[in-house]
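Annotated features, as they stand in Swiss-Prot:
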type	residues	note
COMPBIAS	366-386	compositional bias 'Basic and acidic residues'
DOMAIN	241-276	domain 'EF-hand 1'
DOMAIN	293-328	domain 'EF-hand 2'
REGION	194-225	region 'Disordered'
REGION	213-420	region 'Binds to necdin'
REGION	366-420	region 'Disordered'
MOTIF	304-334	motif 'GBA'
SIGNAL	1-24	signal peptide
Amino acid sequence: MRWRTIQARYCFLLVPCVLTALEAVPIDVDKTKVHNVEPVESARIEPPDTGLYYDEYLKQVIEVLETDPHFREKLQKADIEEIRSGRLSQELDLVSHKVRTRLDELKRQEVGRLRMLIKAKLDALQDTGMNHHLLLKQFEHLNHQNPDTFESKDLDMLIKAATADLEQYDRTRHEEFKKYEMMKEHERREYLKTLSEEKRKEEEAKFAEMKRKHEDHPKVNHPGSKDQLKEVWEETDGLDPNDFDPKTFFKLHDVNNDGFLDEQELEALFTKELDKVYNPQNAEDDMIEMEEERLRMREHVMNEIDNNKDRLVTLEEFLRATEKKEFLEPDSWETLDQQQLFTEEELKEYESIIAIQESELKKKADELQKQKEELQRQHDHLEAQKQEYQQAVQQLEQKKFQQGIAPSGPAGELKFEPHT
């Protein structure tokens, strides 16, 4: 089984959290002539980074499990609920000894890695009185009570931890984007306060003009609508719009031939629409906003099409969606520039948080400055004492010389001048 087939079943585990734009893969036009496209084995595709701090461990466990024929067969037949509930994890008891041995080794390596992280954290905090075993409990993707062998409970915990973490990922991205937009507006207003009235009016006019230029773009098709998909068919795939066929379209954009449109493949379909609104060469277009728009489009299409909420679109789900009225006559799509991303109350609350953080940073900076000044004072005092000591030694040597006493060395020994 290829990795992407495994990824399809573990979609909620390994769905890629892509932050950068994904271009649609160019398609050979002749491929559309074959409507019953057979899946073909292609070169191994590296699994995407999930963004989880245990990403490498997760991928290695999946790679080892896919080498066991029994587990692979069970995985192919399992539905998402069976995987999520932990019933599939019980099949681990039936895998080969070789696979179990490799899983045991992976777990020991992961436990060792986590212990090194904990030690580094404790060393940084200079706190050696904490219990390492208790600290291991904060890592919920493995059974810390048994650090030596990989059991069904480990697989169950790994699945549940990754599921929860990835489901939270999109929500976190939306929250971070909102904070980003509020920070931009906060900094803009703070900058205006530093300007004269004339300069402020010029900046306000410049801002309004950039906003107008950004909003002046071609109509954006409703994501997942017939018009949107036909535009991809014609302009990206280079095909005749009159020959548009949903089934062929699905197979063309199922890039890895695994029978699903995953989140990467879906997001690639929106590049043409996003190009209408965002251009990296234009000062008025923000590429971070473009990625938020891409995320919103993907989430919308998934909510409309993905009936079993497994974060994958099957051919059946895709074709069923093309039969709906909304596919032919969708509502207009509102881009980010047509929406209020935050209220004045939310901005004021965010600014109050920033003010508190800045106050704390200023307090720390003042404390560091005082420490620096105290260290400098101590340094100057030591330098002054050093100079006084050197002067005293010189005066003593000079006095001894005047009295005809041989000068002494650093350890007090007598120094005799050679006779000439």
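Placed from the backbone N, Cα and C atoms, the Cβ positions cover glycine too.
Keep in mind it's a predicted model, so treat the numbers as computed, not measured.
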Helix-strand-coil residue split for the compositional bias 'Basic and acidic residues' (366-386), DSSP-based: 21 helix, 0 strand, 0 coil
PLDDT averaged over the residues of the domain 'EF-hand 1' (241-276): 92
Helix-strand-coil residue split for the domain 'EF-hand 1' (241-276), DSSP-based: 23 helix, 2 strand, 11 coil
